[in-house]
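In Swiss-Prot this protein carries:
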- 4-21: transmembrane segment (TRANSMEM)
- 22-89: topological domain 'Periplasmic' (TOPO_DOM)
- 29-62: coiled coil (COILED)
């Protein structure tokens, strides 16, 4: 009777090890779920960024105000008879 119990205990330990630590076990599934959640958040950030960039592109295509704002802020252009003061901190 004792050898059968020892074999069953060894088999139980082996199965538990495979369940928890082997490839496809609970630990690896947990790590995969964390990676999936991280990737979902990263994808959402990129979607938001793309949406903002598409809105900027649309403004530049159809709005003169956006073009003027871009020229003033990014390129440092000014209108005729206008004085530009740049304050350096």
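Cβ atoms are placed via backbone N, Cα and C, with glycine included.
These numbers come from a predicted model, not from an experiment.
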Quiz item: Other than its close neighbours in sequence, what residues sit by the coiled coil (29-62), given a CB gap under 8 Å and a spacing of at least six beyond its ends?
Solution: 70
Exercise. For the topological domain 'Periplasmic' (22-89), jot down how many residues DSSP puts in helix, in strand and in coil.
Key: 49 helix, 0 strand, 19 coil
